[in-house]
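Swiss-Prot lists Ser101 with the feature active site, nucleophile, giving sequence analysis as the kind of evidence. Under the heading active site, Swiss-Prot lists His126.
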Amino acid sequence: MPIGVPKVPYRIPGDEEATWVDLYNVMYRERTLFLGQEIRCEITNHITGLMVYLSIEDGISDIFLFINSPGGWLISGMAIFDTMQTVTPDIYTICLGIAASMASFILLGGEPAKRIAFPHARIMLHQPASAYYRARTPEFLLEVEELHKVREMITRVYALRTGKPFWVVSEDMERDVFMSADEAKAYGLVDIVGDEMIDKHCDTDPVWFPEMFKDW
């Protein structure tokens, strides 16, 4: 049976006793966000709103975005990516499970040197697709033209942030390309593989990662 959102004890600063609150509310307080579903308007508004709020609340401390998503809507993914580049805090992107399609684009959008893939994560990139391929011919042609512009823009971002030539990324995006964490690092999609670096930084810099993750 579904158990709903787990609750955990959390003591609000100034209170003597802890209260039981939703897990995700605690994570948000620790500046930790989750993208664990298909990318649609609702989750996009949720994540971008939290990023903006956390940036206003504290423009210095890092934000951590965990990703386990099969991808989703093109424009929604671009909205998250653009918000990540706009807010003042650095954003760690951490892939666990899978980051496919637009989710890999969001993973790529993390602060350079702060993009992480867990050892058994899978990353997939491919070209954007249209949802209107059954439209009438004039509408379809307009959609294809717009899709071509968006594809070129996304390809340029991949090329810029991975250091790969534009033509290499363009050819790779012609098909579904699945990568292991090590392959994604070699490609330039992520900077760190595994949790060894997390453990290292947690031991030496208590501020580097949220307190709750030190015992992982």
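For all residues, glycine too, the Cβ spot is worked out from N, Cα and C.
Cα spacing between His126 (active site) and Ser101 (active site, nucleophile): 6 Å, rounded to the nearest whole number. The Cβ of the residue listed as 'active site, nucleophile' has Pro70, Gly71, Gly72, Gly77, Met124, Leu125, His126 as same-chain neighbours under 8 Å, each 6 or more residues away in sequence.
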